[in-house]
Amino acid sequence: MTWGIVEERTACIGQQAAGPLRDFGVAHMIELSDALVGRRGNGIKIYGREAFAGMHRIGRIAAECLDMLAAHVRPGITTEAIDKLVFDFGMAHAALPAQLMYRGYRHSCCTSLNHVVCHGQPNDKPLREGDIINIDVTFIRDGWHGDSSRMYTVGEVPRRAMRLIEITYESLMRGIAVVRPGATTGDIGAAIQEFAEAERCSVVRDFCGHGIGLEFHEQPSILHFGRRGEGVPLEPGMIFTIEPMINLGRPQVKVLSDGWTAVTRDRSLSAQFEHTIGVTETGADIFTLSPAGLHCPPYASAA
């Protein structure tokens, strides 16, 4: 889930209501001393091996949920139905959707369609041929938060929409590629911005990635634009999301009257991908990679 920069609005997440309560592993949470090995003066947590193991487990659940959805995203399904699939998947895996009632958000995922940039709320409108949609999920298990999102195509989509999706995915992976000790958060943003703008797209500046781990949103903020060498230096043990939102048109967005849904002001298409990663001694450890290899549409194996 993205973090709002200007209004400090957190990313998508909300909730859905119920079924029987499950044991989400709270009683079995690892000792904090085994997971959190340091904290910097700027509030950034430095996590240890036990934390990385926990993040791999919850990250895989988030990734498997997104894998599962690939077979369901097709013309005629509603985003409410997708939301229920996400909730049910979490219950089946003893994982709580973190969005559930987060700051009053009443759904288990965010479903951002076409010109919706982020935080789109599930509803009863069916998806139509040619739509593109981002589905953003976050789960909690054993105290750890796993946050990821992917784009999906609904039937055949226009070439310009597919091109935007491809550019956005490549932007994310270029941002991840620069992560290593000694790099900075500005290096991440610059890698994303330089590529997206070279492809004549724009980078949304109102929302950013964020630290994550024992809490949904932690420090540091990960801007998807910036200058190399600026920002927070990266060091092993840091955990955060990278989740660029890329528009075909201009970067400006507005938040609708529901207080959540952010859309492009010019109604141009927008796309987003997100991974949760940890900084290692040599680079980035991606916790939310697809076990099924469904990284970017088209998801042929999901048919």
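Keep in mind that glycine also has a Cβ here, set from the backbone N, Cα and C atoms.
TrEMBL labels come from automatic prediction, so no person has curated them.
As given in TrEMBL:
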BINDING   His119, His217  substrate binding site
BINDING   Asp136, Asp147, Glu274  divalent metal cation 1 binding site
BINDING   Asp147, His210, Glu243, Glu274  divalent metal cation 2 binding site
DOMAIN    54-281  domain 'Peptidase M24'
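Here the features listed in TrEMBL are placed on the structure.
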residue: His119; record: substrate binding site; Cβ neighbours (10 Å): 29
residue: Asp136; record: divalent metal cation 1 binding site; Cβ neighbours (10 Å): 28
residue: Asp147; record: divalent metal cation 1 binding site; Cβ neighbours (10 Å): 31
residue: His210; record: divalent metal cation 2 binding site; Cβ neighbours (10 Å): 24
residue: His217; record: substrate binding site; Cβ neighbours (10 Å): 21
residue: Glu243; record: divalent metal cation 2 binding site; Cβ neighbours (10 Å): 28
residue: Glu274; record: divalent metal cation 1 binding site; Cβ neighbours (10 Å): 26
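Between Glu243 (divalent metal cation 2 binding site) and Glu274 (divalent metal cation 1 binding site), the C-alpha separation comes to 4 Å.
Note on the domain 'Peptidase M24' (54-281): its mean pLDDT in the predicted model is 98. For the pair His217 (substrate binding site) and Glu274 (divalent metal cation 1 binding site), the Cα-Cα distance reads 14 Å. Rounded to a whole number, the distance between the Cα atoms of Asp147 (divalent metal cation 1 binding site) and His210 (divalent metal cation 2 binding site) is 10 Å.
Secondary structure from DSSP puts Glu243 (divalent metal cation 2 binding site) in coil. In sequence order, Asp136 are the binding-site residues from Asp136, Asp147, Glu274 with a C-alpha within 10 Å of the C-alpha of His119 (substrate binding site).
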